Amino acid sequence: MVNLTIDNTQVTVAKDATIFDAAKSVGIKIPILCHDKKLHPFGGCRMCLVEVEQMKGRLIPACTTPVTEGMIVRTTTDEIVKARKLVLELLLLKHPLDCPVCDAAGDCDLQNLTYEYKVNCNQFSDEKFNHAIDYENPLIERDMNRCIHCGKCARICDEIVSYGAYTFINRGIEAKMGTPFDGPLSCEFCGSCISVCPVGALISRPFKFKARWWALNKVKSVCSYCGTGCQLTLGVKDNKVLTTVYDENQGFHNGQLCTRGRFAYQFVNSDNRLTTPLIKKNGKFVEAGWDEALKLVSEKLGAAKGSVGALTTAHLTNEELFLFEKLFRGTLGSDNIDHSAGYAHAALTEGAQKAFGTVTSPSEIADIQKTNLLLVIKTDAYETHPVLGFEINLGVKRQGVSLRIVSDKKGKISRLPGAKTSVHKPGTEIAFVNALANVIIAENLAVAGVAGLDQLKAALADYTPEKVAAVTGVAAEEIVALAKEYAAAEKALIMLPIGLGYPGHDAALAQAVANLAILTGRIGKEGSGLLIMGEKNNSQGAADLGIYPKNGGLKGAAIIDGAANGQVKALFIAGENPVVSYPNRKKVEAALEKAEFVVVSDLFLTETAQFADVVLPAVSFAEKNGTFTSVGRRVQQINKAVKPAGLAKSDFEILNDLNAALSGKRYGNVAEVFGEIAATVPAYQGLTLSGLGDEGAVLPVAPAAKLNAVAAPAVPAAAGKLALVTGSALYHSGTLSRFGEGPMYVCGDAYAELSEADAKALKIEEGDAITVKSDVGSVSLKAKVGKRLPAGVVFAPYHFADASINTVTDGAAVTLVTVGK
Amino acid sequence: MIMPLIKGLQITLSHLFKKPVTLQYPDERPQIAPGFRGLHALKVSHENAKCVACYLCPTVCPAKCITVEAGEDANHNKFAAKYEIDMLRCIFCGYCVEACPVDALKMTEEFELANYKRADFTFTKDRLLEKK
């Protein structure tokens with residue numbers, strides 16, 4: 001620690017702190033334009049100049065000067081104020097004074113400082129810039145005339161997002177922030193650059209001219225897309241969510257968001273929202289009142305009792321899921337309850353359950369940056385959880401984490417410094433991981449005294465590197481080297497994304513990777529272990545609250561089958577869209593068509609809701625209170641920001657009403673149910689809603705590690721056929737992001753990605769319409785040709801309703817397809 | 001006792017011979033003082049309203065009677081797609097004129113704002129545009 005004096009205040013800070021950090025720690029504000037707490041110091045704007053007693057004679061930039069013992073710093077003297085005024089005058093020389101039409105006004109660092117330092121005239125005069133403004137991009141509008149050259153956009157894109165879309169081009173007065181070859185912006189559209197821009201040079205186009213910053217009501221919430229659990233601040237005006245507001249102090253991610261978090265909020269106020277209950281009469285939906293609709297639903301559910309099937313989405317809050325379980329398992333006595341098609345949560349509910357005796361993964365998000373070696377299963381970890389991807393970027397680039405990836409294709413994280421990707425044949429993950437375990441045991445790298453080691457050794461005897469090399473297509477030496485590296489690392493963390501797009505990431509794979517962590521004694525240690533990344537914002541909560549069959553009930557896909565064969569008499573679907581996201585669309589559609597009684601509660605009249613007998617309008621995360629449990633077991637609160645659309649009710653109210661109508665208990669409010677969760681679910685013990693605060697709470701976990709040998713499934717192969725693997729597109733999450741406008745601007749159509757070799761062989765070019773055909777069906781998609789795929793592999797995201805990929809898949813990890821024009 | 005009464009009647013009497021101050025409105029029209037704050041008008045320049053929809057007037061308005069909605073025109077410039085003043089709420093303080101950074105708003109000498117229907121007191125952009 002270092003002691004210094006700033007403006008007569010004694011400050012003690014760590015020795016790697018800068019004067020700026022030290023001043024901030026005691027609440028002394030030093031004005032700055034080119035700094036964000038997530039970025040490396042830059043020293044570009046010269047606003048943070050301070051006077052240091054020991055370095056008299058010149059002014060020192062506070063943001064790049066490290067503190068030294070006994071330093072005496074003054075942050076505001078006449079000389080400093082004069083210097084800062086000069087800096088502002090020079091900036092305003094080129095900066096257009098178009099504050100009345102600039103969306104940044106009110107939240108503009110330059111405007112605020114100009115006001116604070118009373119810069120009302122300029123001793124210099126010059127022409128303004130005359131750069132062309134990029135109006136073409138649907139999400140990010142770039143007006144480089146307003147740019148003050150702080151470089152924050154380029155640095156955040158490079159340091160955290162690791163994309164590098166911007167750089168300074170030209171020199172001197174000609175310098176400007178440009179894109180490669182000064183062309184249009186083509187990036188991940190995460191909007192991080194907009195969030196850090198101190199002026200209005202980069203603005204959000206969907207929010208352009210919608211409202212002034214000061215008129216927005218800022219409501220803290222949690223993103224409702226993926227399982228990362230990013231905190232959001234919603235900008236609300238006139239009962240509408242108009243934008244997301246950047247707050248660098250929010251969450252583990254410091255306000256950093258991805259495309260869908262930042263630009264896909266529009267579904268909340270979409271004109272297509274359901275506003276009234278609908279009842280199907282003579283094949284047509286007729287608007288109905290809540291009383292009529294709920295009466296009909298409760299009658300049918302009451303009649304079906306134990307043969308009710310219930311599917312929910314993991315987008316619901318913990319409290320809603322609790323009521324869901326109470327209603328269907330408790331009041332109605334049916335065990336046919338599930339979510340995420342039954343397979344997308346199995347890694348937690350079956351895999352982690354068997355390996356650790358708990359349905360959660362033993363590690364948390366903070367471990368990513370504390371580890372020495374990250375083993376990521378599938379590069380898609382970045383696509384499903386982009387902000388965890390940023391954590392990987394930061395870990396690799398700042399903390400020197402070695403990144404090893406086991407994947408069926410390369411991806412963005414494969415390009416990180418020092419990253420090694422072992423590209424295996426699709427569907428051979430378990431064989432690969434088993435081989436790693438085999439090597440660890442064979443080389444005596446396993447920690448001594450692990451229970452069940454001998455059984456595992458015997459069970460994995462067949463998974464020698466040589467044999468597995470033949471199956472996976474990865475050289476035996478590479479497998480051995482990876483196993484040794486993993487075992488040798490002091491701390492090692494495995495990341496396993498799960499979701500509807502990855503049927504292969506099931507309980508068996510979770511157990512296989514858990515074996516690696518257990519063998520090497522990584523469980524329960526900081527920066528080590530296994531992080532299973534649930535797909536949806538509350539996947540972890542759904543697992544915790546037991547939203548899966550526990551006593552031999554039907555699983556997700558089986559519930560759909562049950563609806564077709566009469567085993568399930570009434571089907572309740574809360575927010576799930578099986579027609580698009582569950583395997584085999586034709587089968588799901590036929591089942592819903594045949595089903596006796598289907599109720600859907602959702603925000604929109606989805607493809608699934610079309611088949612319903614009763615449709616109940618539900619509300620989005622912005623219209624209700626509650627809690628979500630994210631990856632790494634963090635429970636966080638969401639706050640109601642806007643009133644429900646039309647007559648829509650939250651699933652909390654719907655389920656509560658139904659439960660009461662079926663003579664179950666009626667709960668008072670969200671806090672009461674949270675109290676009930678805290679009392680009945682062991683992990684949530686002792687939590688209170690008010691005690692969660694802004695930061696939320698990380699649930700405790702006590703894993704009882706146990707080795708379980710799993711056998712690798714046989715991978716189908718056929719000559720002349722390509723292996724189709726599904727997954728997530730970077731801009732989308734589940735089927736909900738289709739209703740958020742942002743992602744649809746940049747990724748609006750279903751596509752299939754082919755390797756260059758296959759595309760060449762099939763004479764397919766980027767953008768061609770192609771037909772993908774399997775035993776199940778065929779679908780016409782847009783072709784994309786990518787360098788990242790190995791020959792023989794086709795990738796397709798699953799989010800889209802038109803030409804949905806589940807038309808050709810049937811729940812297998814790999815689907816053999818033929819591709820043609 | 002009698003003296004104050006006589007004094008009072010004296011004033012009354014003197015007024016009988018003075019020119020009356022009452023204006024025979026509407027036959028006679030008042031002389032409007034400079035700086036009078038009457039009905040608002042949106043100034044026009046190059047055949048378009050000067051207003052750039054900066055929202056400063058609704059922000060500063062103490063009566064919350066101004067509603068602005070910004071739009072983006074063909075040249076990507078900001079303009080007021082909607083500009084409405086609820087005259088029933090307006091207190092004619094003139095802060096809106098003072099706040100306007102582009103001198104797009106003024107207050108005219110028009111004070112005859114009586115009307116028959118509540119809706120007629122909502123002055124839309126068309127009605128507010130300066131008449132030349």
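The backbone N, Cα and C atoms fix where each Cβ goes, and this holds for glycine too.
Per TrEMBL, these features apply:
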- B:42-71: domain '4Fe-4S ferredoxin-type' (DOMAIN)
- B:Cys51, B:Cys54, B:Cys57, B:Cys100: [4Fe-4S] cluster 1 binding site (BINDING)
- B:Cys61, B:Cys90, B:Cys93, B:Cys96: [4Fe-4S] cluster 2 binding site (BINDING)
- B:81-110: domain '4Fe-4S ferredoxin-type' (DOMAIN)
Once DSSP output is merged into helix, strand and coil, B:Cys100 ([4Fe-4S] cluster 1 binding site) belongs to coil
Looking only at B:Cys51, B:Cys57, B:Cys90, the binding-site residues on record, which one has the least crowded Cβ, with the fewest other Cβ atoms within 10 Å? B:Cys90
Contacting chain A at Cβ under 8 Å, from the binding-site residues B:Cys51, B:Cys54, B:Cys57, are B:Cys54
Looking only at B:Cys61, B:Cys93, B:Cys96, B:Cys100, which of these binding-site residues has the biggest number of Cβ atoms within 10 Å around its Cβ? B:Cys96
Candidates B:Cys51, B:Cys54, B:Cys57, B:Cys100 (binding-site residues); nearest Cα to B:Cys90 ([4Fe-4S] cluster 2 binding site) turns out to be B:Cys57
Residue counts for the domain '4Fe-4S ferredoxin-type' (B:42-71) under DSSP, helix then strand then coil, are 5 helix, 11 strand, 14 coil
Hey, what's the Cβ neighbour count for B:Cys54 ([4Fe-4S] cluster 1 binding site) at 10 Å? 24
Using Cα coordinates, what distance in whole Å links B:Cys96 ([4Fe-4S] cluster 2 binding site) and B:Cys54 ([4Fe-4S] cluster 1 binding site)? 12
Average pLDDT across the domain '4Fe-4S ferredoxin-type' (B:81-110), rounded to a whole number: 95
Excluding B:Cys61, B:Cys90, B:Cys93, B:Cys96 themselves, the [4Fe-4S] cluster 2 site's Cβ centre has within 8 Å the residues B:Cys57, B:Val60, B:Pro62, B:Ala63, B:Cys65, B:Ile66, B:Ile85, B:Ile91, B:Phe92, B:Gly94, B:Tyr95
Report, in whole Å, the straight Cα-to-Cα distance of B:Cys54 ([4Fe-4S] cluster 1 binding site) from B:Cys61 ([4Fe-4S] cluster 2 binding site). 13
Integer Å value for the Cα distance linking B:Cys93 ([4Fe-4S] cluster 2 binding site) with B:Cys57 ([4Fe-4S] cluster 1 binding site) is 12
